[in-house]
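Colleague: Have a look at this one before I ask anything.
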Amino acid sequence: FFFSSRSGTKLIAPLGCLVSRQKHTLPDLPYDYGALEPHISAEIMQLHHSKHHATYVNNLNVTEEKYKEALAKGDVTAQVSLQPALRFNGGGHINHTIFWTNLSPNGGGEPRGELMEAIKRDFGSFANFKEKLTAVSVGVQGSGWGWLGYNKEQGCLQIAACANQDPLQGTTGLIPLLGIDVWEHAYYLQYKNVRPDYLKAIWNVINWENVSSRYATCKK
């Protein structure tokens, strides 16, 4: 569409261009499937990334297309009925995209700098923080996630658990820094039903540089 003014003819994008979007895609892992062994097996990583995460991405794209059609038709009933699928598949995509970067073959140990100071301030010590996040993650009933998040309003770190694929920020308002996936598909092939063993192992591959970077970004 065009309109004319004293400054000349200007181009206005058609409305369709404003609502067009890129489809979501499965992000590449920043390491090989076997890079986190022996703590997380290559078989688990391959299935988790190429099958489970890929399914969330595909279903999210399908759901968004249906939602777009419902919006165009003004069909509020259809929009409402699609929201659980948006929450589940959208959350699955958001959560796993964070999770892969929270892990590293060069991870483990303890964080440094501002993040470590904040952990000591809000939890007393790193050991106490680790114990609390582990306990919250072990305690998730069924499937879900344990999280370290940042409460921007209060300026502090908080630990939270989310059920299923509920995204932390979208459901609690906390900005996600570190997520621990406690769905059985994240550990069952290696640790069977012993979730505490998986949680003990995962601390050896936590990418504290990534968590610290997320903390520095959300504080700005």
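For all residues, glycine too, the Cβ spot is worked out from N, Cα and C.
Residues or ranges marked as Mn(2+) binding site in TrEMBL: His48, His96, Asp181, His185. Annotation comment: TrEMBL describes 23-104 as domain 'Manganese/iron superoxide dismutase N-terminal'. Annotation comment: TrEMBL describes 111-214 as domain 'Manganese/iron superoxide dismutase C-terminal'.
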Colleague: Quick check on the binding-site residues: of His48, His96, His185, whose CB has the lowest count of neighbouring CB atoms inside 10 Å?
Modeller: His185
Colleague: Taking every residue in the domain 'Manganese/iron superoxide dismutase N-terminal' (23-104), what is their average pLDDT?
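Modeller: Averaging the confidence scores along the domain 'Manganese/iron superoxide dismutase N-terminal' (23-104) gives 97.
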Colleague: Within 8 Å of the Cβ centre of His48, His96, Asp181, His185, which other residues of the chain have their Cβ, at the recorded Mn(2+) site?
Modeller: His49, His52, His53, Phe99, Trp183, Ala186
Colleague: Other than its own, how many Cβ atoms are within 10 Å of the Cβ belonging to Asp181 (Mn(2+) binding site)?
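Modeller: By my count, 24.
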